[in-house]
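Here's the structure, in structure tokens; my notes come after.
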């Protein structure tokens, strides 16, 4: 950490709002640097300029945390289902740390090294084997001197506990976020119980990320907070949701939606929706507020602008953005100038422009999770026969 910069716990203990960044895999997939399916972050090595620029845009938007682009950068994921990248997890993780640190040094941002769920856990490997995967990534983060650790995107609290236990050995602060909603993890463990288990495992910051829309995620964190307080424990809270509306999701979240991942754009939250999200998260006592899949820099800027009174600063990106549409006062058309007011945007009901588009979908809901034969992973590419079985099964849903 650069001299003079306050650490993550120092900031949160002082009651400061820490703003996270957004969803790198989705943003970079849309830009042509990440492949949907594996969702692996080899772009840190193959296209560092793209990763660096996205970090820079989130920093300009107001993010205080540059999370290393190391999502799914464990060796077991890089080799899963026919991947042949000829790049090791260590190479990708090291490059991700260097890029995050470079950009963080340009502002008042911290670097967080991130690990996430593994194919090893889904394939029922032992606790020792799964922990070894996390330890290998953690060693890179320690070598590169990240400021704190994040264990994120875990569907099963047990695997998240294992990750936290490993990351704690680094001696650095640990945050842990599950990709769960109010129904709890994939084996039915409630948000409150999940939270208690994460705190007891050693996480100082807990919450949720991904899989659900902002308001659903805030609701889940509230339940986690209730569980921690009822158990007489203490923690800081974080939330980094999707930028998609997901009122029709079941416990598996947006990956069950038929639109996942290439047809989600009609569900995108506006910047004004993000103002509401930031305020609700703050009112819930959450002080680490960011985003995950679907979040672009302008979404994070909206979060930073909504909480500018509490933080005492506006982000550099606000130089090109009038609060609540104030910049429209300079528009040439009078009916557009008439939209330069808060009540217009707060009360807008955006149309989809799709005459036959339903308001909600029916999730697939296959009902399989860790321990089911269909979730056993493999190094070999998915065969045509395996695909045919999946295609046939999907027709019956």
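In case you wondered, yes, glycine gets a Cβ from its N, Cα and C as well.
Feature annotations, reproduced from TrEMBL:
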type: BINDING; residues: 210, 292, 293; note: Zn(2+) binding site
type: DOMAIN; residues: 6-307; note: domain 'Hcy-binding'
Extra residues within 8 Å (Cβ to Cβ centroid of 210, 292, 293), Zn(2+): 23, 26, 153, 179, 209, 211, 240, 241, 242, 291, 294, 295
Neighbour tally for residue 293 (Zn(2+) binding site), based on other Cβ positions within 10 Å of its Cβ: 28
Protein Cβ atoms within 10 Å of residue 292 (Zn(2+) binding site), excluding its own: 30
Spatial neighbours of residue 210 (Zn(2+) binding site) that are distant in sequence (at least 6 apart) but have CB under 8 A: 23, 152, 153, 179, 240, 241, 242, 253, 292, 293
